[in-house]
Amino acid sequence: MAVSAGSARTSPSSDKVQKDKAELISGPRQDSRIGKLLGFEWTDLSSWRRLVTLLNRPTDPASLAVFRFLFGFLMVLDIPQERGLSSLDRKYLDGLDVCRFPLLDALRPLPLDWMYLVYTIMFLGALGMMLGLCYRISCVLFLLPYWYVFLLDKTSWNNHSYLYGLLAFQLTFMDANHYWSVDGLLNAHRRNAHVPLWNYAVLRGQIFIVYFIAGVKKLDADWVEGYSMEYLSRHWLFSPFKLLLSEELTSLLVVHWGGLLLDLSAGFLLFFDVSRSIGLFFVSYFHCMNSQLFSIGMFSYVMLASSPLFCSPEWPRKLVSYCPRRLQQLLPLKAAPQPSVSCVYKRSRGKSGQKPGLRHQLGAAFTLLYLLEQLFLPYSHFLTQGYNNWTNGLYGYSWDMMVHSRSHQHVKITYRDGRTGELGYLNPGVFTQSRRWKDHADMLKQYATCLSRLLPKYNVTEPQIYFDIWVSINDRFQQRIFDPRVDIVQAAWSPFQRTSWVQPLLMDLSPWRAKLQEIKSSLDNHTEVVFIADFPGLHLENFVSEDLGNTSIQLLQGEVTVELVAEQKNQTLREGEKMQLPAGEYHKVYTTSPSPSCYMYVYVNTTELALEQDLAYLQELKEKVENGSETGPLPPELQPLLEGEVKGGPEPTPLVQTFLRRQQRLQEIERRRNTPFHERFFRFLLRKLYVFRRSFLMTCISLRNLILGRPSLEQLAQEVTYANLRPFEAVGELNPSNTDSSHSNPPESNPDPVHSEF
């Protein structure tokens, strides 16, 4: 794909002549200290015309083209994975009763076959962008479907998906096809031609904003004090740091303070020549770590691809010049670029300078307005107050990455029949494909409205919907995020007004976090604790599972009344007091103090503890028999302990079956841990191959349906079954964790077993 032609190749001496000529056309070199430091003089900013001339200064297109190629390539990989092409039929299957969460309620997904067409157009656009083929059209073909899919589902929003759309939008207006592109092969005027400086300025400014605003957001007290990503330091990637530091100090100094300093300084380190090598090292190390720490798709690689934009624009030519001469025929041009109408050239000897035209002024205006808008949006939450909850603004465009971590203890959805008054409960997340609605008032309103349309099909008329959702943010108390007394179907919500039924985050209780950690660390390994904060006038109805044989409630602050429903008894607790709770029964905790109450459940899962003791006994017995210290024969039902599996004979007890399953699980974990790198890498490639294979086959099926019509259901079922096959993987590799790496909503595990309610 190299944009090379025989006439375009030159000798080293002619390269030097062309380079000198290009420099002469571009104007005098910056010899002042400011010019060397910033790349321009203060006088270049003294008037609009000078600024336009600066932003349209002819610049080497090589680095921009490399970024275009890499970004397009990464989007080609992203579409089947994080955009969800491989699992599109599961998300948009026709006829599903599913509650969706678009930005605008008028946005609706197309029928499934047409959604595959949308994704096909997006994929072809990304491919054309990468190759520089029909470049401007390819950018539009990628951009429009991308933003349609993005706006169609708020539950998939995040900072990096938003960034991809911004970068594609910027590239649409740039001349990134002036180097290393098919368009350059077909059009001599575009081949190896200058691009205006603003092409680089916009991209560099965008990446600078991503880093710097992310750093400013990390000045939040929760991040500085080390509560945002408290458990991240347990990852093996931080093992080298833990040779010198404790896990707590690694979390505080490396994860939190190190992340803060890196984000604040990365843009500056990359901008200045003297510090760029340091910046490239640290941001590369940072993004390589992130690619292993988080499931963030192509984000780490896009940021790695953007880093060379801060280097000298001609760095690809210098790289090509070091390659063997024969290989250079297959690589991009290393000759100096030719003039372009997109740029403004300063006067050379004996010639007057070029006056900026309308296109040059539009390019400069676009640069300034776009960067100002990007600086404003992360702080525009005062306009979109309806999207403010415990954290401000829409999710994705604020660059507050990893600042807030949440844990959900309890979610209860209650419906009331508007005519009969009958009460009922819904499984949390019913009719949805996501868990994200639990934290956002706008999604909760959409969910309630959707449920009010679906429940009449199940003989619930005029349904009223109530949500009781308990969340802990950054290791605080579990507390309600929404008022459970409000019917969300009828509740008012506006994107521009504060949502009245969002409960405030109890910031006054934040200092309790240190005390809560002390309490946790003082408990033994078999004792669990849940910390609760509740508002005056509200109560918590809870059930203690029969497995939790030793459960107590202790008041930390305020005053509560505990009602034992079955015994019809009430007991008031004041600060420091506690009481035992009977297992297998309901109880209610009423907050009677004028200020929020704080209390904790302390419990031991006695059933689990007994099981662990029994399994430990079986393990000890197995080891004794194997080393010869146990001479007596094992009963027939315990023989599988030695054989590792059931081979006929009496049916082993449930305890023995549990022991065998655990042993098999531990052996599989050990086997995977000791698997050589090349086998792990091969398994990784097979999983990715399945994703792309299924994406391709399902797309072909849908496009065939659009062109030729749908075949019989039996044939469709056979085709989908074939698309679901994993012909490249061994049977042993087929486990639920391998089903589809692109699935954006894995099942949610219960974080604490204090039962279905808590």
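The backbone N, Cα and C atoms fix where each Cβ goes, glycine too.
Per Swiss-Prot, the features are as follows:
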type     : residues : note
ACT_SITE : K218     : active site, proton acceptor
COMPBIAS : 735-747  : compositional bias 'Polar residues'
DISULFID : C99-C450 : disulfide bond
CARBOHYD : N459     : N-linked glycosylation site
CARBOHYD : N550     : N-linked glycosylation site
MOD_RES  : A2       : N-acetylalanine
REGION   : 1-22     : region 'Disordered'
REGION   : 732-758  : region 'Disordered'
TOPO_DOM : 2-60     : topological domain 'Cytoplasmic'
TOPO_DOM : 82-113   : topological domain 'Lumenal'
TOPO_DOM : 158-292  : topological domain 'Lumenal'
TOPO_DOM : 314-361  : topological domain 'Cytoplasmic'
TOPO_DOM : 383-758  : topological domain 'Lumenal'
TRANSMEM : 61-81    : transmembrane segment
TRANSMEM : 114-134  : transmembrane segment
TRANSMEM : 137-157  : transmembrane segment
TRANSMEM : 293-313  : transmembrane segment
TRANSMEM : 362-382  : transmembrane segment
Residue counts (helix, strand, coil, in that order) that DSSP gives for the topological domain 'Cytoplasmic' (314-361): 15 helix, 1 strand, 32 coil
Same-chain residue ranges lying at least 6 outside the transmembrane segment (61-81) that approach it to Cβ under 8 Å: 119, 122-123, 126-132, 142, 164, 167-168, 171, 174-181, 192-195, 199-200, 203, 297-298, 301-302, 305-306, 308-309, 311-317, 332, 337, 688, 691-692, 695, 741-742
Chain residues in Cβ proximity to the transmembrane segment (293-313) (below 8 Å; excluding those fewer than six residues from its ends, i.e. six or more beyond): 59-64, 66-67, 70-71, 74-75, 77-78, 81-82, 158-160, 163-164, 167, 200, 203-204, 207, 210, 232, 235, 237, 270-271, 276, 279-280, 283-284, 287
Distance, K218 (active site, proton acceptor) to C99 (disulfide bond) (CA atoms, angstrom): 34
Cα-to-Cα gap, N550 (N-linked glycosylation site) vs N459 (N-linked glycosylation site), nearest whole Å: 41
For the topological domain 'Cytoplasmic' (2-60), the mean pLDDT of the predicted model: 65
Neighbour tally for N459 (N-linked glycosylation site), based on other Cβ positions within 10 Å of its Cβ: 9
Non-local residues, at least 6 beyond the ends, that sit with Cβ under 8 Å of the topological domain 'Lumenal' (82-113): 119, 122-123, 146, 148-149, 151-156, 161, 297-298, 431-434, 436-437, 443, 446-447, 450-451, 454, 457, 691-692, 694-695, 698-699, 702-703, 705-706, 720, 740, 742-744
Distance from the residue listed as 'active site, proton acceptor' back to N459 (N-linked glycosylation site), taken between C-alpha atoms, in Å: 49
Residue pair K218 (active site, proton acceptor), C450 (disulfide bond) - Cα distance, angstrom, rounded: 36
Protein Cβ atoms within 10 Å of N550 (N-linked glycosylation site), excluding its own: 15
Most crowded position, judged by CB atoms within 10 A, among C99, K218, C450 as recorded positions: K218
Tally of DSSP helical, extended and coil residues in the topological domain 'Lumenal' (158-292): 98 helix, 3 strand, 34 coil
Where N459 (N-linked glycosylation site) falls in three-state DSSP terms: coil
